[in-house]
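One structure is given below, encoded as structure tokens.
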């Protein structure tokens with residue numbers, strides 16, 4: 001049983017590919033010895049099983065199968081705040097989509113097209129193979145743009161159907177959100193974006209907790225979401241069936257306003273990208289995972305707040321993993337109902353959920369209710385249950401409908417009190433100790449998960465909060481004239497001594513409450529964004545600079561003492577010249593007032609403010625001001641992206657700009673030497 005679960009779980013988890021996703025697609029799979037082999041996109045068992053279940057209407061089967069045998073289109077979405085995402089999107093439209101409008105490759109249009117159901121036209125699809133994207137000369141500039149924007153986090157490579165569950169969660173800035181099976185993190189990133197989306201100028205008060213049962217995958221999750229720089233985000237590492245309760249000293253048990261339950265599954269809806277599904281599919285896959293899925297969904301509904309919304313999803317089309325799991329949850333929780341989302345995402349072509357289905361064992365022998373070899377909950381609901389459950393409200397997405405992968409989504413809403421009428425004969429009370437919960441499960445036995453040994457260094461760095469009056473923090477508050485409204489009691493360090501030596505992190509108050517719980521049972525992986533980094537120990541006033549990832553959280557609270565107004569030409573000069581002298585900037589003539597203000601400013605971290613015409617966002621860029629030089633504190637990738645997006649300068653082309661500005665540097669140095677040489681009589 002355990003070996004079967006290990007095999008199936010690997011099928012259903014999302015691909016953990018390195019890179020930016022705009023490279024080569026692989027049409028081969030691996031055999032048991034680890035060598036590469038061509039995979040035939042045929043499976044008689046798969047075809048017989050799904051035809052017997054009548055999942056796809058007979059007149060659509062040929063188109064469905066043919067679509068499943070083709071490669072999945074490359075899809076991505078543009079991320080970030082509304083204004084920033086729209087700016088990147090407009091750049092993409094003007095410079096790339098428009099230029100590729102009439103270009104074709106073997107009859108296929110090269111021009112990207114919008115994903116019909118994704119809001120605000122920020123989702124995109126490319127129908128040509130990745131090999132063309134990578135090698136076609138007419139697409140080369142667009143490919144470089146996509147890669148660079150992906151690296152800096154402005155673009156998220158994500159399967160189109162994977163974008164759907166977060167879009168149906170209706171997240172507000174004050175919501176407590178739980179992602180139960182989060183890795184690799186593309187959906188989690190959507191949840192975090194949604195939490196911060198409503199008002200970019202106002203800090204969100206809610207939180208997103210992302211969980212994954214695999215320690216290494218949870219770190220991949222951190223990497224995926226960390227680019228969003230959210231202090232309202234944390235990652236934990238637990239078996240989703242047994243997620244521990246979080247009880248705050250003052251307000252009690254945390255229940256979640258929104259829960260995403262994207263469970264491990266057989267993954268048969270992913271065969272367009274996961275080629276191994278064609279050779280690995282067996283009829284027993286869904287039956288093996290069914291109890292695990294029921295247990296995870298049950299735990300999610302237990303943790304859901306009254307009036308809250310839970311979205312259950314799989315990348316499988318098997319009703320044993322989908323409607324059967326949903327039906328069992330509805331039996332257990334009479335206070336829970338399915339939400340009719342037929343009017344949501346109006347351009348999404350979908351099919352209704354199945355009301356009934358046949359059940360087969362792994363030998364393709366049909367089974368009837370009462371058969372002891374099959375989980376009772378795998379069978380379809382009774383006629384009376386069918387009337388009450390509204391399983392037709394489930395959402396089924398088939399590959400041939402909109403050229404996507406296969407997916408299943410259901411939206412639950414909890415109405416009544418947890419302790420009202422829920423049938424929990426075998427379910428431990430929320431008030432019972434965790435040890436008892438671990439022994440008693442809501443549906444059946446606890447399903448053994450595939451476990452990997454936790455690394456020795458896991459959880460070695462504790463979260464230690466700094467007092468607001470901490471000497472190093474006081475230097476920061478004073479030097480940057482941070483307003484009193486900024487939360488000063490949620491800064492922390494990650495070391496056992498509690499000393500502020502290298503980095504100071506910031507977490508939102510909603511996360512800080514959880515981190516402060518004594519005798520913490522949560523296995524914490526990540527929380528917080530880096531706010532201050534040690535720069536120079538000999539700095540008289542403040543040896544700390546504000547880290548780029550924390551700038552968005554604190555910029556509204558900063559005084560004017562470290563802010564310098566400038567213009568886009570000056571920014572261009574700083575992006576194309578590392579650590580230029582102030583004299584060089586003066587010689588360039590791009591912004592005399594900026595240079596004058598630089599001369600007056602003391603050494604240390606500062607900020608360059610560039611006002612732009614609406615709807616464009618103002619730019620707020622960190623600087624380091626030295627005695628005679630200045631430098632943008634922007635990494636190489638961000639520098640390349642800004643040059644391309646703002647000035648149409650690619651990295652190679654920027655060498656020409658550097659060559660032009662080199663003469664200015666030479667002249668500035670010559671002028672400096674001349675000013676230092678004493679005048680002599682002729």
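Backbone N, Cα and C define each Cβ position, glycine as well.
Quick caveat, the model's predicted, so the values are computed rather than measured.
What TrEMBL records for 315 is active site, nucleophile.
In the three-state DSSP reading, residue 181 (S-adenosyl-L-methionine binding site) counts as coil. The annotation S-adenosyl-L-methionine binding site is assigned in TrEMBL to 181, 182, 183, 184, 185, 186, 187, 212, 239, 262.
Per TrEMBL, domain 'SAM-dependent MTase RsmB/NOP-type' is recorded for 64-415.
For 16-38 (among others), the entry in TrEMBL reads region 'Disordered'.
Residues or ranges marked as region 'Disordered' by TrEMBL: 422-443 (among others).
The full span of the recorded S-adenosyl-L-methionine binding residues, 181, 182, 183, 184, 185, 186, 187, 212, 239, 262, taken as their largest Cα to Cα distance, is 20 Å. Per-site Cβ counts within 10 Å over the recorded positions 181, 183, 315 peak at 315. The separation of residue 315 (active site, nucleophile) from residue 181 (S-adenosyl-L-methionine binding site), Cα to Cα, is 13 Å. Residue density at residue 187 (S-adenosyl-L-methionine binding site): 26 other Cβ atoms are found within 10 A of its Cβ, drawing on all protein chains shown. For the pair formed by residue 239 (S-adenosyl-L-methionine binding site) and residue 315 (active site, nucleophile), distance between Cα atoms is given as 20 Å, rounded to the nearest Å. Between the alpha carbons (Cα) of residue 183 (S-adenosyl-L-methionine binding site) and residue 315 (active site, nucleophile) lies a span of roughly 14 Å.
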